[in-house]
Amino acid sequence: MARGLPTIASLARLCQKLNRLKPLEDSTMETSLRRCLSTLDLTLLGVGGMVGSGLYVLTGAVAKEVAGPAVLLSFGVAAVASLLAALCYAEFGARVPRTGSAYLFTYVSMGELWAFLIGWNVLLEYIIGGAAVARAWSGYLDSMFSHSIRNFTETHVGSWQVPLLGHYPDFLAAGIILLASAFVSCGARVSSWLNHTFSAISLLVILFIVILGFILAQPHNWSADEGGFAPFGFSGVMAGTASCFYAFVGFDVIAASSEEAQNPRRSVPLAIAISLAIAAGAYILVSTVLTLMVPWHSLDPDSALADAFYQRGYRWAGFIVAAGSICAMNTVLLSLLFSLPRIVYAMAADGLFFQVFAHVHPRTQVPVAGTLAFGLLTAFLALLLDLESLVQFLSLGTLLAYTFVATSIIVLRFQKSSPPSSPGPASPGPLTKQQSSFSDHLQLVGTVHASVPEPGELKPALRPYLGFLDGYSPGAVVTWALGVMLASAITIGCVLVFGNSTLHLPHWGYILLLLLTSVMFLLSLLVLGAHQQQYREDLFQIPMVPLIPALSIVLNICLMLKLSYLTWVRFSIWLLMGLAVYFGYGIRHSKENQRELPGLNSTHYVVFPRGSLEETVQAMQPPSQAPAQDPGHME
């Protein structure tokens, strides 16, 4: 038995390492980066991340092939669904005004390993997303010049037919990424100025499209003669919602930039709300005028807006639309390349990624090494790869990040607030970490509840009715309820997505299983709602927690389950690569690991003796607090 104890202890220690949290420090406003971004800067950064190629490509494709004129309803529902995730990011961005976005939010609430995996996937999302936008930018510009750029490259450089590779090397896409990376490395102010310029042009072009589009509108294009407003029915609207949801994924760049915001606790929630409203308004208005200008079934899915003006005889307007699309894609590219090195910087600053990427240039106050290194990597991928097959891969990483952030909001709301640390002789140093194996759940006999319950405790008003939940330590019931909620959310998603097509459930079995899982889901929400939460009047907080984060989780799970199995296979391979990096480097170099080095912590592992409670409590006391021995027994 004694030989097994070290193995059990080592496994327990490993689990402790994997789930250790990054502490929320009081000095969250101190940073090596330059806090220079205003609310307007953050808002335009978010608008640039959302209103890009999707407006000029996705709108026409969904209208023609999925939803018809009802695409505007698809965008409206998708905007509401995105708002659920955006609210979670807004609260975290105000509460933790540091760079890192979903990675950091997961680190402070759920644990180190989960945070690393989320950060690892967000990195890939930005890299592949930047390369895809650059190739779309190159292709759109090439089409304006009758594909002369592609023809020249294939003639003088060559082409190939290799799986996962493009038909020809896209030097233009690689070049625009390198140029954008150079501007981003010059500082946040330079990037913000460029983003302002391109965003202003893009918004003016959108305004032009809406005004001229309403002038040219022909309401009979929504009539029954043309197929009606919703030719694909309700199912088409919902299928369009799944596609349109990805048009709003750019708001997380605001949270990733919160460490450079002048007043993040106010600016981040405000910028997320305003940018999402602007993006939703732009998508809904443009899809409305597009389907009113020409019949939805005559749209060109590759360049719907420009082609619509061509069909109405306004070729000059088509060139304005093409110029606006180029500017819009520039804003998306700048937003992605601006956020990418900041995620790398956050992970490197925490010791989970290579330390060279934590270096901040003293003059520009930006992580130049990460900007240039990952800019080169993105350019290389854009040069060679055919990224169409990896688009769904981006969706999976984004949805997974949304799910973890929503879960983190619930976890953090029911955690006990950290008392502010005061510097002094009695305070532990910056590399000191105090832990206990079970003292977090220890309550002395005879302790009564305080007048103000702690987060995670049962609400006093409900104790007469739910007293059977009151005998547990704060947070214990919440943890179980959260686990049941997540399990039931996954089951609901599986039933909705696979119930008829894959599982081949009979109708009564489908309804029964969906009803049972929904009841479990609602009961877990009621149990969570019966417990005390953190309330901060000085910060933005989401209303209706845990309902809003829970709805976001269910939606994200359903969308993830709709992705192809090849996407999950590629995702698993990427996760394995991330685990190799974490266990090979991150777990040993983590800053939290440095705080736990021998001599820098005060961790006490307790083995319960076969004695009374009094003996157990005495055994837990540190040596300095042990009762003095009888002088007669001293040697």
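All positions are counted from 1 along the displayed chain.
Just so you know, glycine gets a Cβ as well, placed from its N, Cα and C.
Annotated N-linked glycosylation site per Swiss-Prot: N151, N195, N221, N500, N601, in sequence order, evidence recorded as sequence analysis. As annotated by Swiss-Prot, phosphoserine applies to S422, S427, with the evidence given as similarity to another entry. The transmembrane segment annotation in Swiss-Prot covers 42-62, 66-86, 113-133, 197-217, 229-249, 270-290, 318-338, 365-385, 391-411, 478-498, 508-528, 567-587 (among others).
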Stretch contact, the transmembrane segment (318-338) with the transmembrane segment (478-498), Cβ-Cβ under 8 Å, 3+ pairs: no
Integer Cα-Cα distance in angstrom, N151 (N-linked glycosylation site) to N221 (N-linked glycosylation site): 38
The one of N195, N221, N500 whose CB sees the fewest other CB atoms within 10 Å, among these glycosylation sites: N500
Contact check, the transmembrane segment (66-86) vs the transmembrane segment (229-249), 3+ Cβ pairs under 8 Å, seq sep 6+: yes
Listed stretch, out of 42-62, 197-217, 508-528, that has the most CB pairs under 8 angstroms to the transmembrane segment (229-249): 42-62
Beyond the flanks of the transmembrane segment (42-62) by at least 6 residues, Cβ under 8 Å: 71, 74, 133, 136-137, 140, 192, 195-196, 198-199, 202-203, 206, 240, 243-244, 246-254, 257, 261, 267-268, 270-272, 274-276, 278-279, 282-283, 286-287, 290, 299-307, 321, 324-325, 328-329, 331-332, 334-336, 338
The transmembrane segment (508-528) in contact with the transmembrane segment (478-498), cutoff 8 A, at least 3 CB pairs, sep 6+: yes
Pairwise Cα distance for N221 (N-linked glycosylation site)/N195 (N-linked glycosylation site) [Å, integer]: 36
Same-chain residues at least 6 beyond the ends of the transmembrane segment (197-217) whose Cβ lies under 8 Å from its Cβ atoms: 44, 47-48, 51, 55, 278, 282, 285-286, 288-290, 292-293, 305, 308-309, 312, 314, 317, 320-321, 323-324, 327-328, 330-331, 334
Stretch with greatest number of CB pairs under 8 Å, the transmembrane segment (567-587) reference, 113-133, 365-385, 478-498 candidates: 113-133
Contact between the transmembrane segment (113-133) and the transmembrane segment (391-411) (3 or more Cβ pairs under 8 Å, separation 6+): yes
Number of other Cβ atoms within 10 Å of the Cβ of N151 (N-linked glycosylation site) across all protein chains: 13
DSSP-derived structure type at N500 (N-linked glycosylation site), helix or strand or else coil: coil
Nearest-integer angstrom distance between the alpha carbons (Cα) of N500 (N-linked glycosylation site) and N195 (N-linked glycosylation site): 47
